[in-house]
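Chemist: The structure under discussion is supplied below as structure tokens; questions concerning it will follow.
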């Protein structure tokens with residue numbers, strides 16, 4: 001502990017001193033609240049809403065509101081938030097992260113700030129990591145809010161559109177991070193505002209906040225459509241990758257999770273794909289397929305990174321061990337893995353809309369979170385999200401004994417020792433939870449235990465349907481549970497009396513994770529609410545963490561000691577070496593996430609501009625003036641780009657200008673070079689704008705004014721969506737190659753910002769051009785089938801009534817004040833228009 005922390009206390013301790021007086025005030029109201037009838041307690045909600053409408057703030061009513069919610073919780077679910085939970089609730093209301101250990105009742109804590117903030121009527125989202133927890137929390141805690149007169153909804157994966165709208169319109173809405181994010185993206189793809197489901201993003205309480213905002217931070221949410229590229233090349237690239245020899249043709253950088261061809265490998269690629277120079281930019285597509293095939297075959301591990309079930313490649317979450325349904329690796333990696341595994345290769349998709357969790361959750365007016373482990377990532381929460389972490393004291397002291405790590409030379413020796421430890425613990429009846437890092441490792445231990453005759457249950461991605469049930473049994477007398485990482489997080493492991501006598505739940509970690517936080521989560525499964533327990537991690541020098549990031553000094557000591565497979569060492573120096581390796585990885589991952597957000601901020605600002613303008617269009621703003629402005633901008637831009645100051649080329653330039661404008665809005669041969677050759681650039685612009693305005697006025701006469709406004713809106717939205725999708729792809733391609741700018745002594749992030757901005761300006765211009773083009777071409781179309789039916793009907797009936805109802809297709813009309821198309825230079829009404 002630093003010297004000033006010894007004198008002044010930690011940051012959390014100092015913050016708690018400010019909160020405790022508020023908790024004391026809530027405590028003092030306890031007796032008053034108990035005396036209220038149910039009706040009087042319920043009426044408090046309307047009283048608070050009225051006070052807020054008269055100018056009081058949420059902080060003004062916090063003490064009373066918390067006291068009301070506390071009493072309601074006791075009456076409805078027979079749970080009364082204790083002081084530590086009140087502290088947690090206040091920290092959440094303040095828009096911070098409350099670190100609360102496992103079993104401290106985070107679900108109940110969330111009800112306090114949720115009730116208070118819902119009183120404003122702007123909505124509160126309580127975010128969990130899966131549908132099961134969202135549904136469970138809504139069912140258990142929803143009754144408290146409903147008792148107090150508030151509405152509660154839950155967003156689940158299979159909800160219909162109107163059910164989603166209903167759930168979001170509730171005062172408090174439970175849902176998963178992915179569903180909330182996807183609904184936001186879908187809302188920004190609709191054509192009618194009535195199709196939107198979400199309201200403004202007001203206040204969010206994120207459960208397991210570290211899992212969502214840090215572990216998932218690099219995972220973009222993507223809504224995609226079917227791509228057009230063939231998948232055959234993935235199979236060709238896979239065949240090539242499988243023919244290569246490690247170290248000779250390619251090298252694997254495990255720290256960077258990268259696989260690279262050697263010079264010899266490049267020669268083989270040139271021979272295999274019949275290329276002159278593999279590095280040529282024209283061979284970029286081949287390079288991309290080869291890189292992904294190499295990564296799929298030599299970096300991605302089956303039953304660790306992914307699993308194959310029913311002929312489908314499924315991603316396994318490295319942090320939770322859960323299958324991530326509906327997710328696919330991007331950039332063709334998923335297709336490369338499908339080719340590797342010999343299953344059906346699906347087409348690469350086209351991204352229609354995308355956002356990262358980092359940027360989605362930063363859009364909330366107020367954001368807060370709860371987790372059992374946040375302190376190790378305190379700097380990241382503060383720097384990226386502006387959230388500080390406050391550690392909430394436990395209700396009862398933690399009695400769990402955390403033993404120091406045991407280090408073995410080989411994996412074989414480590415696993416033998418783990419199994420021996422499980423057997424001995426099982427004999428005493430003490431339950432054991434064994435944490436593994438992959439499906440493969442969990443099945444290895446399971447097999448070893450079977451040979452020893454030890455009954456056990458396995459929880460990994462293959463058995464995820466039974467997750468809650470398996471976890472609920474993990475604390476039973478004599479139970480042995482093998483689980484990948486943090487599967488079962490969010491479900492408490494409760495202990496019976498005889499288990500407490502046997503020493504509580506024992507945690508065995510089979511290797512250290514890259515992040516200390518994940519290790520702490522595993523430990524935190526034991527010792528909840530003052531229960532006894534123990535934890536220990538078993539490590540070998542062959543573990544990925546030690547092999548890739550461990551210090552040579554530690555390896556040297558183990559070699560000098562001449563340890564056998566079944567011999568272990570325990571020392572402070574060993575524990576420090578392991579922690580330093582973890583800090584190294586955490587720092588590396590933090591830097592990656594920081595860089596990612598610098599890149600993502602560029603497209604995020606662009607996304608905000610597009611979605612804001614899109615929203616204004618949806619809200620039914622009259623677009624006529626905006627469309628006229630677009631027409632003027634397009635004409636000005638086209639004239640400026642076509643007409644130079646070179647006299648000799650003027651006529652040729654005018655000819656090209658007219659042809660270009662004929663592709664956008666001018667009817668063919670409507671205007672000739674001689675009509676413009678004696679005018680200045682500004683006069684040309686004005687003349688063309690007047691012509692466009694007249695043509696557009698005639699176009700409006702084909703439709704009713706209201707119908708035309710609707711057409712403008714739909715066309716503009718469709719053009720914006722199409723151009724935005726293409727822009728996302730282009731920005732992605734730019735990002736993939738931007739790292740090479742470092743070789744030119746350019747900052748890749750600055751280069752990405754500059755070029756991304758140019759591409760965005762170009763997209764905005766193209767939106768204007770296409771919108772104008774489509775609006776000038778829009779016609780009342782008649783379908784051929786209908787036309788035939790109409791003819792037959794009119795012949796049979798002999799009347800003209802049906803003819804009036806037929807769709808009418810009109811040709812572009814010449815306005816009376818337009819230039820006559822004969823080329824005379826006179827107005828139409830004074831020339832050929834007279835004859836008409």
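Keep in mind that glycine also has a Cβ here, set from the backbone N, Cα and C atoms.
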Chemist: If Swiss-Prot is the reference, give me the range from 754-785, 786-817 marked as region 'Disordered'.
Modeler: 786-817
Chemist: For the ATP site that Swiss-Prot gives with 103, 104, 105, 106, 107, 492, which of 85, 521 also belongs there?
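Modeler: Of the residues offered, the record points to 85.
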Chemist: Starting from the ATP site formed by 85, 103, 104, 105, 106, 107, 492, give every other residue of that chain whose CB sits within 8 Å of the mean position of their CB atoms, in sequence order.
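Modeler: My list of surrounding residues reads 100, 102, 108, 109.
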Chemist: Would you count the other C-beta atoms found within 10 angstroms of the C-beta of residue 104 (ATP binding site) for me?
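Modeler: Other Cβ atoms within 10 Å of residue 104 (ATP binding site): 24.
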Chemist: Tally every other Cβ atom lying within 10 Å of the Cβ atom of residue 85 (ATP binding site).
Modeler: 26
Chemist: With an 8 Å cut-off on Cβ-Cβ distance and a minimum sequence separation of at least 6, pull the same-chain contacts of residue 105 (ATP binding site), or say none.
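Modeler: Non-local contacts for residue 105 (ATP binding site): 79, 81, 85.
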Chemist: Non-local Cβ contacts of residue 492 (ATP binding site) (under 8 Å, 6 or more apart, same chain)?
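Modeler: The answer is 102, 103, 528.
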Chemist: Please list, in sequence order, the residues in the chain of residue 107 (ATP binding site) that are at least six apart in sequence and whose C-beta is under 8 Å away from its C-beta.
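Modeler: Listed in sequence order, they are 137, 140, 141, 207.
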Chemist: Using Cβ atoms only, which residues of the same chain lie under 8 Å from residue 106 (ATP binding site) while being at least 6 residues apart in sequence?
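Modeler: Looking at Cβ-Cβ distances below 8 Å from residue 106 (ATP binding site), excluding near sequence neighbours, one finds 88, 98, 100, 207, 370.
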Chemist: Give me the largest Cα to Cα distance among 85, 103, 104, 105, 106, 107, 492, the residues the record lists as binding ATP, in Å as a whole number.
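Modeler: 17 Å is the greatest Cα spacing among the residues binding ATP.
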